[in-house]
Amino acid sequence: MEASPVTDLKISSVVPASMTGENKPRHLTAMDLAVKLHYVRAVYFFKGARDFTIVDLKNITFPLLDLQCYDHVTGRIRNLDNDDPSAQAIPYIRCNDSGMRIVEAKVEGFTVQEWLDLDDRSIDHRFLVYDQVLGPDLFFSPLVYLQITQFKCGGLSIGLSWAHVLGDVVSASTFMKRMGQLMSNHGPSKPVYPKKPELAAHANGQDGDNGHAISIKKVESVGKYWLLSNNKCKIGRYNFNFSLEQIDRLMAKYDRSFSEISILYALIWRSMLNIRGENDTNVITICDRKTSSACWNDDLVISVVERKDEMTEVSELAGLVASKRREENGVIKGMIDKDRGSSDFITYGANLTFVNLDKCEELEIKGEKPDFVNYTIHGVGDKGVVLVFPKGDFARVVSVVMSEEELAKLKVEVKNMIM
Amino acid sequence: MSQAPMPDFSSSVKLKYVKLGYQYLVNHFLSLLLIPVMAIIAVELLRMGPQEILNVWNSLHFDLVQVLCSSFFVIFISTVYFMSKPRTVYLVDYSCYKPPVMCRVPFSTFMEHSRLILKDSPKSVEFQMRILERSGLGEETCLPPAIHYIPPTPTMDEARSEAQMVIFTAMDDLFKKTGLMPKDVDILIVNCSLFSPTPSLSAMVINKYKLRSNIKSFNLSGMGCSAGLISVDLARDLLQVHPNSNAVIVSTEIITPNYYKGNERAMLLPNCLFRMGSAAILMSNRRSDRWRAKYKLCHLVRTHRGADDKSYYCVYEQEDKEGKIGINLSKDLMAIAGEALKANITTMGPLVLPASEQLLFLFSLIGRKIFNLKWKPYIPDFKLAFEHFCIHAGGRAVIDELQKNLQLSGEHVEASRMTLHRFGNTSSSSLWYELCYIESKGRMRRGDRVWQIAFGSGFKCNSAVWKCNRTIKTPKDGPWSDCIDRYPVFIPEVVKL
């Protein structure tokens, strides 16, 4: 699909229901700065006419944004005044109630089912989510965009574009879950709202470790336009669907002792080995999350797995993934703190990155769950990102973000592997 | 060192007592005069003794005809007096609209939208930012849903739906508060200056509430921010003609169709200040309402300066260079407002000021005009005539100017400033929000007099004087009920965005 099927775009802002007051600053931690150039995107599909309308969704965002834990969601990026004019300014979030953007749109040509039946799942992220970037007017760029698209059948899709500085994919999914709970008004006995995490200038008490982190990569300074410039290659997206039977077969073929996730990761790693050659695929990054409900990045666990030259079999790789991870959070923190804001970093796509989204919270609006959810990350490095999330009860989706060239080769490799 | 301030202090205290003594003497002159007269009569009576008093009584010949004629005469005079007295008009109750949180516009959002809509004129954006910083508005003022879009979508449908939202909510609340049945409404007056569809807004109200077919309905449009008091004046006049009736007044301003889309600086000001709001008021001349009415209307003075060209053109709706319609505010607005106020007070003063102030004013006038003495014009102290002031919250400059002109303290103008902060300039309904503020603070006692002053395009200055009929308990619900505890707030000269 080349031309956009989306029409009738209307953009407005929604703000917290009551005054946050005092323009409080929320300082960005080292983990926030490590992911500042990334954007979390999720699209939720609801087939057929439902109990709620676009207006209901819009109205519920006001009390949602009023929750104390989401003060920073409606803020804007500002730069700390530095004494040294030549040093790079350190950004922070000013909680000034500027609000979140809501985009109302229509797709007249498709019903939700027809849309989901199309092969190319990259259309979800191309058309149903607003193409958000922080900048060039950095100080007045909203940190979250929510696009609500009405389809021909009366169903709708909700497309969330969430700046990663606010929190990781799980935090974004929790935000949507809270929205669903507020709509229902009587969610679980008393919804537990994420507490506002205590962020001090040097968070968590421990200072960063010395050393060089290989999970993050320094990039050219982006200035006031927070997006990685990907001049070299065009990024594409593809969803591999694995049904329960296929997963069973894979586990049987390779090794039952490892988890589904490890096998899937190893499968993709092996395929990339074939495509990129042995030198370029020695390291992978794995993003996981500690179980918590706070809306921030500091609960992300970023680890690396290094491969020795001889190890090329899927089961060997799965073994590395399962047990030979090296957590780099401390080292990342040390590296970024030492840098003091003079350079920019990326995490997703610095190496081939795997993200496990099992901990993402499910959205439920008035007792109804979405028919399909598609997650991705925008603004990633050229080594690619692989997101693994559940589909339905037992199936899985492996969503790959990579250069289109490599993606084409990957499709072939994976097909061979599954045979 | 410590000696020097003392004489000043004691002399100012002495002056204060002299002033108080003078005021008491002049204002209660007649009663003070009565005391020596009664004393003299009492002394005379005591001197004469009971026998002499009886003789005086018997010497008066009481003829039957004389008695009948004099009693008829007395009854006739008193009947003529009572018949020709204007009917007392009461304000039974009123209700102010509280916009929902979905309409809230914080500063930062307003500025961001301005930057996006006016991205081709950064100077205009700067200008708007500076106005907003000094405007005296708070972070909780509200704009209608159509204006929240980038760019705004001011269609007629949206304007009608805003009108329905603000008017019907206020009226529902009024009906509930007063127990009034819609079919009992005798007179309906709706005033909304800048939105005048066909059928009119008053017809819209009649349609919604199924009011009677012989209702006297009026729709005032184009009369600016002082139209609220013009409606009250109209209601009062109608209630003189129609006995045993009530009147419902709806004062509002519909923002949706009037958002200025251009970038001419003088016309961007209303965008920054005007916000959603409305008020519904029930007035009555029925004797049965006398006990439950909140206020009694004492005086209403309207002053129109339209004959003067400068005043006429100072708030002027016109097209800018690109053909976009907006309201042009001239730079002399404050001066013209001051003049209009002076004209209004000249008529109002003699009606409300105590004799002491009027005498002083007279002496000062005689001294300056006849004897040509170089005295400063005496500004009568209106604080002696009123307990509460409701100055139209047209903008911070208006309130500052009036505070200076009338020599009012911070507490007197608190209602106006806080209404501007919480609700913005809601045009003709702002006076009612201010009155509600005073009631919510529990300051309104029986017998208190309130002075409402409104300015409007034309240029008009209208003022109304109300007397509180019964001590008003703090309302449990109302536009201020959830935030009154936070007020008064300190409003800085310039808010840093």
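Any Cβ shown, glycine's included, is placed from N, Cα and C.
Those TrEMBL annotations? Automatic predictions, nothing curated.
Annotated features in TrEMBL:
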ACT_SITE  B:C225  active site
ACT_SITE  B:H304  active site
ACT_SITE  B:H388  active site
ACT_SITE  B:H392  active site
ACT_SITE  B:H421  active site
ACT_SITE  B:N425  active site
DOMAIN    B:81-369  domain 'FAE'
DOMAIN    B:387-467  domain 'Beta-ketoacyl-[acyl-carrier-protein] synthase III C-terminal'
TRANSMEM  B:20-43  transmembrane segment
TRANSMEM  B:64-83  transmembrane segment
Round to the nearest Å and give the CA-to-CA distance linking B:C225 (active site) with B:H388 (active site).
20
Over the domain 'FAE' (B:81-369), what does the predicted model average in pLDDT?
93
Return one of helix, strand or coil for B:H304 (active site), based on DSSP.
strand
Among all chains shown, work out which of the active-site residues B:H304, B:H388 has the most CB atoms within 10 A of its CB.
B:H388
Nonlocal neighbours by CB distance (under 8 Å) for B:H421 (active site), same chain, sequence gap 6 or more:
B:G136, B:L137, B:G138, B:Y487, B:V489, B:I491
Tell me which of the active-site residues B:H388, B:H392, B:N425 ends up closest to B:H304 (active site) in space, Cα to Cα.
B:H392
Write out how many residues of the domain 'Beta-ketoacyl-[acyl-carrier-protein] synthase III C-terminal' (B:387-467) are helix, how many strand and how many coil, based on DSSP.
34 helix, 21 strand, 26 coil
Whole-number Å value for how far B:H392 (active site) lies from B:N425 (active site) (Cα to Cα):
8
Count the Cβ atoms, other than its own, that fall within 10 Å of the Cβ of B:N425 (active site), considering every protein chain shown.
25
